[in-house]
Every structure is written in structure tokens, then in C-alpha cells.
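First comes the structure, then the notes that go with it.
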């Protein structure tokens with residue numbers, strides 16, 4: 001019986017954007033009673049497949065399952081037999097045939113007894129994905145004692161993977177008494193026949209946070225549970241299960257309580273070969289259908305560790321091949337959640353190799369090409385890595401994220417929405433104990449804009465404070481010394497200066513002689529959100545706001561603006577902010593007809 005085929009809506013959008021003849025590999029999850037869900041693809045190098053370089057970057061359970069062909073590419077047929085031999089999760093590998101730049105005419109076929117059999121498919125949208133699937137994230141540590149040769153690294157990594165798979169590890173779900181070992185789960189209520197969803201429901205929400213969730217819940221999709229809000233990745237709506245790792249002999253935590261020392265230690269063995277003891281801090285992920293039986297979880301977690309070790313091995317051996325003298329370095333796991341993918345990807349980067357070094361730039365460029373991503377914006381820099389909510393909550397304070405999600409519609413007849421592209425934090429009056437009511441609105445708009453560049457991975461610079469802004473403007477001779485420490489407001493020109501000074505970001509300044517003329521720049525704002533996607537600061541008189549979208553009807557000229565209002569002075573309660581209109585759609589009567597307005601429109605740097 002052939003598998004039932006489903007395709008992620010995220011994947012379909014990515015396939016639609018490919019406009020060059022090419023071929024590549026497909027990756028998916030096999031779950032339930034015979035359903036294959038396609039989630040991702042990569043493009044192959046000209047004339048050869050490269051899935052062996054790619055597959056360890058995916059979470060465990062997200063595996064090679066077939067081939068995709070774009071246009072009249074002839075490589076696909078040549079590679080089909082190779083892929084068929086390498087697919088493990090199904091006896092019927094899949095072939096997708098896509099036209100260039102469109103989903104019209106896309107055909108899906110399973111390979112059955114040496115022939116292709118065309119099959120229908122269903123589309124799984126984002127809400128169903130978030131409902132039906134979750135991720136695990138575990139952290140553990142090992143030491144790798146090896147000589148600085150690819151052969152020795154491969155040999156010792158193989159030994160280490162065998163140790164991982166020998167049944168001596170036990171997994172524990174934090175904040176519970178639930179243990180997972182090679183014979184199944186150990187808990188009074190959960191059994192091997194229990195489902196992953198039962199485990200999700202058994203994980204308690206940290207005390208004191210339930211009310212916060214209730215306040216924010218109205219703006220989230222129904223699929224997003226409290227577990228996603230408290231432990232998931234920033235900007236990601238999947239539930240996430242954290243896992244601790246223990247050895248069955250000692251019950252000692254391998255990772256969270258005692259991570260390995262981050263330095264290399266050197267030893268000389270009797271083999272007359274210098275060996276280094278490399279600390280490996282593993283951070284591994286897996287993707288699971290929530291209806292999966294709990295008895296499978298142990299094997300999946302073991303595979304996630306082994307997959308992370310293979311990624312470390314690949315990174316170490318690449319470095320040994322490229323570096324003169326063959327030196328070892330400490331690898332680190334970095335997880336990414338690229339916008340529009342609908343799944344995580346992992347990279348292993350070596351300590352001591354900065355993001356701007358040519359060798360790192362070349363590796364990222366290769367990743368961009370393999371995943372059909374533009375090389376005009378960052379996806380895999382360290383600053384792009386995921387921030388997980390449990391870790392973010394440990395910080396003294398974090399602003400609200402993406403406050404526009406869930407706002408009431410604009411009600412523009414036949415309008416089209418153009419929105420900020422990516423994540424941002426909402427900054428407003430009185431945050432961080434700064435008494436800036438009446439003068440700090442533009443500073444707050446600047447902080448919101450800076451947060452966008454941080455969260456999109458363009459920089460990891462800290463968000464500038466009011467005082468830092470004032471000191472910088474004095475430093476460049478824009479303001480007198482009396483400005484530093486004052487309560488004087490700033491405008492769009494100063495915002496553009498600060499963006500250049502703090503982030504090296506250029507800005508475009510638009511001038512409008514009155515609020516009544518704002519509709520004349522609606523199309524320009526729409527183009528800005530399509531091409532740049534950054535928040536826009538608008539200043540008029542002594543007031544500043546942040547524009548994060550427009551809804552515009554070309555035929556009628558009707559336009560509304562999606563506004564973040566920095567003048568809000570209340571608590572960070574999302575429901576209040578949306579209901580009271582501090583974040584929401586504003587019509588033309590929001591703007592003063594007698595005031596001129598300047599808009600600071602930040603431009604994305606070309607960076608990857």
C-alpha cells in the first residue's frame with residue numbers, strides 16, 4: 001500500500017520561488033499509519049547530489065525521502081537510482097516535478113517496483129503543523145580524544161556514537177518525574193502505549209506565568225499551546241520538549257548541571273601522536289508527530305545525538321582539510337529557524353572562526369545556494385540562531401514580540417496588506433525604569449527598529465539606551481554637551497544618524513508636508529515593506545510613531561497604517577495593547593493635517 005502524501009504549505013511556497021532548472025533532494029517525516037509529510041528540500045550541486053552534506057542539519061526524524069526536479073533539468077533522472085538506494089524511511093521514494101516559478105502542473109509520483117506512479121497530495125497548513133507536531137531539544141556533553149587527522153576524528157566519533165547507542169543513557173523531562181530509558185518511559189501515568197501528546201500535556205508550566213499566558217493568548221493562533229510560549233523558540237509556534245540526559249550507572253547529569261570545560265586539553269600518547277581532548281557540548285533536536293507512541297522516543301533521542309555528532313565530525317574534518325598544519329577547534333551547535341521553512345536547521349561552527357572570516361562566509365554562501373536562499377540577507381550567522389523562551393525568561397526583562405499578530409483587520413475594501421517582514425520587539429514609554437514620558441517616543445521607535453536588525457541576525461549589538469543615543473549624537477557634533485542626560489526629543493534625521501552609527505544601516509528619508517498627504521506615499525511604503533521589510537519611524541511635530549504595515553487599495557486610494565505607538569505607559573499586556581489600539585490599524589484621521597511628517601525608512605544591508 002502506497003503512503004498517503006502530504007506537503008507542508010511552507011515547502012510549497014519555497015518550491016514556487018525556484019526559477020532555474022535544477023534538481024535536489026526532498027526531506028520529510030513518515031508518521032502515523034503510513035503518511036509521508038514533505039517538509040523541505042535542498043538544491044544539488046551541478047552534476048552531483050549533496051544530501052550527505054545536508055541531512056545531518058535536519059532534526060532527527062526529518063529524513064531523505066526523494067527527489068525534486070525543476071523544469072527540464074536532466075540531472076534528476078541520473079540521480080534517481082542513487083536516491084532510491086539512500087532513502088531509508090520508506091520503500092517508495094517520492095519524485096516531485098515542478099515547473100519553474102509556479103506550482104501549476106506540479107506532479108508527485110512514488111517509485112513502485114521500478115516505475116513511477118503518480119499520486120495526489122494534501123496540503124498541510126501552518127496551523128495544522130503546529131497542532132500535530134512538536135520538537136525535542138536536549139543538551140549533553142562528551143569528550144572526544146583524537147589526533148588532528150580526519151581519519152582519527154572519524155574513528156573516534158564512530159566509537160563515541162556506539163557509546164551513545166549502547167543503552168546506558170537515560171533521558172529526563174525537566175520539572176517532572178518522567179524518565180525515558182531503553183525499555184520505555186518510567187512514570188506512574190505514562191506507558192509505552194502513551195503518545196507524545198500525553199507527554200506534552202504532562203509538562204507543567206512554570207509557576208507564576210499562567211496569568212501572563214492568559215493575557216497574551218488572544219493574539220495567538222489556537223494551535224499554539226502554553227508549552228510553545230514558555231519553552232519554544234522566539235518567533236516559532238511549535239511546542240518544544242526540553243530533555244536532560246543522564247547515565248544509567250551514575251545518574252549524573254551529562255549536560256545542564258556540569259557541562260564540559262570549553263577549552264581543549266592536549267595529551268601525548270604512546271602512539272607518538274599528539275591527541276587533543278575536545279569538549280563536545282551537544283545540543284540536539286528531533287521532530288515528532290504528537291500522535292507517535294512514547295515507546296519510540298528513546299530511539300529518536302539517541303538518533304538526534306548521533307546526528308549532532310555527525311555534524312560535529314563534518315565540521316571538524318572540513319576545518320582540518322582547509323587549515324594548514326591541521327589544528328583542532330571546539331565545535332558548537334547552533335539552531336536556526338529560517339523564516340518560511342517551518343522547521344529547524346542546525347549548524348556546527350568552530351570557536352575561533354568569526355562570522356566575517358572568508359571561510360565562514362563561503363560556507364554560508366554554500367548553505368544559501370543549497371537551500372535556494374538569496375545571498376542578500378543573513379540566515380545562518382550566529383546572530384540568527386534561535387533564542388529559546390526558557391532562556392529568554394532568565395533575562396531581567398524582555399519586551400513583547402510581534403505585537404501586531406492577532407490585531408483586528410483594517411477593513412480597507414479591496415485593500416492589500418504590506419507588513420513588516422520578520423520579528424521585532426515593542427518598545428514604549430517607561431520601560432526599563434526610564435522616565436521618558438513626554439519626550440522619549442522617538443528613542444523607543446529607534447529601539448524597536450534596532451531590535452528588528454538584531455532578531456533578523458544582521459547584528460548582535462545591544463539595543464542602545466537613551467543615554468547612549470544622546471552621547472553618540474553629541475560625539476558626532478550633532479548636539480551640544482547639554483543634550484546628554486537631558487529630556488530632549490529627537491526626530492527622524494537623528495534616528496537615521498544613530499542607525500548608521502550603531503548598526504551601520506543606511507536609511508531613506510521621506511518628507512510629507514502635511515498629514516493629509518500621507519496617502520500619496522502609500523505605494524512607496526508598500527514597496528518598502530515588500531523589498532526592505534523594516535519598521536519605519538515617522539515623526540510629526542513632537543510625536544513619533546512606528547509604522548509596521550500599510551493596507552492599500554490602488555483603485556480607491558484608501559489606505560490604513562499599522563502603527564506601533566511608543567507613547568503607551570502601561571504593563572506589557574498584549575491584550576490591552578491591542579484592544580486599546582496602542583498597536584493597530586489607523587485611518588487618515590489619526591494624523592494631524594496641520595503637521596509635516598518625516599519618515600525614516602531603514603534599508604537592509606547586503607549581508608549573508
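Just so you know, glycine gets a Cβ as well, placed from its N, Cα and C.
Going by Swiss-Prot, these are the annotated features:
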- 441: active site (ACT_SITE)
- 565: active site (ACT_SITE)
- 567: active site (ACT_SITE)
Q: Give the distance between the Cα atoms of residue 567 (active site) and residue 441 (active site), rounded to the nearest whole Å.
A: 6
Q) Looking at Cβ-Cβ distances, which residues of the chain lie under 8 angstroms from residue 441 (active site) while being 6 or more apart from it? A) 429, 489, 543, 544, 545, 566, 567
(Q) Using a Cβ cut-off under 8 Å and a sequence separation of 6 or more, which residues in the same chain sit near residue 565 (active site)? (A) 428, 545, 546, 581, 582, 583
